[in-house]
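Engineer: Below is a structure I'd like to ask you about.
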Amino acid sequence: MIQQEWKNILKKPFLIVVIVAIMLVPMFYSLIFLSAYWNPYGKLDQLPVAVVNNDTGAVLDGKTINIGKDFVDGLKDDDKFKWVFTTENKAMAGLKNEDYYMVIELPSQFSQHASSLLGEHPEKMELNYYTNAGKNYSGSQISSSAIKDISSSLSKKVTEQYADTVFKSLNKVGEGMQEASDGTKRISEGVNKLANGTTTLSENLEKLTDSNLVLKHGTAKLETGAIQVANGIKQSSDGANQLNTGINTVLAGANSLKNGSGDLNSGLQQLSESSKKLEDGSDQLLNGSIQLAAGLKQSVDGSVALQNSVGQFTNNLSTLNTAIQDLTNEFSDVSGTGSISQEEIEKVLVQLQTISTSMDQLNQGGKQISTSYSQLAEGQHNLYSAANSLVAGQKEFNSNSTLFNGKLGEAAVASKKLAQGSIDLFNGTKKVSEGSSALSSGLVTLNSGGNQIVEGINQLSDGSNQLYIGSGKLANGANELLKGTHDLSQGTSTLHKSLQDGANKVNDVSTNDETNTMFASPINLVAHKLNDVKDYGVGLAPYILSLGLLAGGLMFVSSYSMRTTTEITTSGFSHFISKYSVLLVVGVFQSIFADVILIHGLGLQVQNELYFYLFTIFTSLTLYTIIQFLTVTMDKVGQYIIFILMLLQIGGSAGTFPKVLTPTFFQYINPFLPLTYSIKGFRELMSTTVDYKYVLNQAVTLGLFGASFITLTILYLTITVRKQSNRTKEIVN
């Protein structure tokens, strides 16, 4: 049946032309599709892109920069795209009219934002680009991909400028760190001194705490003593008041003494004058002494009594004089010390009593003198009567009169001294009274001050307690301070060393153009491609070639019947083999034609052409087994199913994008699609390092598809032939 099938084909030239044309379908399909997209990125220099530079420049670290201008100058030497430098209005109009596929705009503040990095509020640079995906999506996508490289290039240039500024600043930082290191060294030395001083302070504070404890106890004793002093001051004040009262009494007595002594002095003067007159009269009496003899005895007796009284008076005056002298000395002592005790006051009172007694005796003596003088007058009267007695005693009288005048003179002198002493006594007592008043007032003030002292000492006691507590806390704090200063000393030493090391490292940093470039782009991407694909078409070739083979098979069965034969079929296998022999020839040649045009026409590079041809032929024959089964079993409906199968292959075979990026449905059907394995096999054969075991696995999987559908086709044809044979037998019978 195979020969008969081919004879039938060869008898029909048009069918031969159709078969040959169909053989070329995979070739043309692959050629047209892949040639159009073989290397679209290789002609980007013909893709017009408009560039609008509105950048006005800026100043960075005292240096004028204009990144927009530098960017434009760089693009003039870049042939990646067809750069067109124009205005904003023309660029936007050209984008709408598809004159440009992208518009790149650098805003007026582009450089200003770049220079703001080192400021308080850095602002990002905005590189505006416009695309028109509605007019040409692929062009806009290519342009959008390219803008990332442009942005990266701009970022690199800006970073280089930043790096230059930063490294210059680092040099200044290094100098500052060196100065800081020197400063921390001085701080460390100062901290060591501080630690030593803190140690001394801590020791002294401990002593202060101990001293405050002693002060606390001493303050308590001082408080007790102050209370006793205050009580004593009060008692002194009361005694001073009593002293003041007594002194006022003494002052009154002294005043009376002054007046009496004056009167005494006047009387003595009169007595002296009378005594002189008496002496003068004694001469006159001498002539009448004879007549006074009788009264002479009485006169003598009176004279004797007068003499005794005068002697007593003299003694009393001497005693008074001595007492007054002692009183004067006592008050002189009181005036010198500024204070009078009760005992001294009592002595003054006793002495004043003695003076009073003496004065009484003086008064009595005066009375006796007066009496004596009365007696003398009486005697003189008798003397006058008894002149005889006068003569006998005249001489004695003259002698006694002279003595009396002498004593009387002494009494006058003593009286003057007594008067002067009384005046001094009065004046001194007056001063003592004034001092006593001042003393009393001062003691009142002292008493008030004593109370204030007690209150102050109470406050001092409270303060000493607080001082004791505070000094204890201060001592504890000083110990903590000492510990802290030691830690600070160690820390400053470490800081000094770290700053010095940091300064050395900063100063060791090299700052040149290579450093700036390294700072801006520290990573150099080194691509290690296991299977390098240079052109876009090479990546699509496995997918397009597989679809081309399937499309060629679909077109072939559309013009060549797989159900009818030129002879009556006697077995299902003979029917299968007669049709498949044609598919075999067509599959082999269409595979060869397609591979030739890919390898030698488009320049597809494969590691092993023989294996590539064989795998292409095997794929084509496998697809034909599927096509044969569908068309044999369902005829025209089978052709539609083949078409649907081809559509499913487009979405589910992962020919363009990875399977994980496709919808879930296509991921599910992917393992059940034959093109999934043909695409994997072609990709491996087109790679730089071929894993033939992997290719063999894909071929085995395709072989399972082919064997399965061959079996199904033969089984279906066998059943069909038997049914037809049975019907024929029934008709014949």
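Every residue gets a Cβ built from N, Cα and C, even glycine.
Heads up, here are the entries from TrEMBL:
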type: TRANSMEM; residues: 14-38; note: transmembrane segment
type: DOMAIN; residues: 19-715; note: domain 'ABC-2 type transporter transmembrane'
type: TRANSMEM; residues: 540-561; note: transmembrane segment
type: TRANSMEM; residues: 582-604; note: transmembrane segment
type: TRANSMEM; residues: 610-630; note: transmembrane segment
type: TRANSMEM; residues: 637-657; note: transmembrane segment
type: TRANSMEM; residues: 695-719; note: transmembrane segment
Engineer: If you count every Cβ pair below 8 Å, which range out of 582-604, 637-657, 695-719 shares the most with the transmembrane segment (540-561)?
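Structural biologist: It is 637-657 that shares the most Cβ pairs under 8 Å with the transmembrane segment (540-561).
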Engineer: Residues of the same chain, at least six outside the transmembrane segment (695-719), with any C-beta under 8 angstroms of its C-beta?
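Structural biologist: Contacts with the transmembrane segment (695-719): 569, 571-573, 575-576, 580, 611, 615, 618-619, 621-622, 625-626, 628-629, 632-633, 674, 677-678, 680-681, 684-685.
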Engineer: Which residues of the chain, 6 or more past the ends of the transmembrane segment (637-657), have a CB below 8 A from one of its CBs?
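Structural biologist: Cβ under 8 Å, 6 or more out: 540, 542-544, 546-547, 550-551, 553-554, 557-558, 626-627, 629-631, 663, 665-667, 669-670, 673-676, 679.
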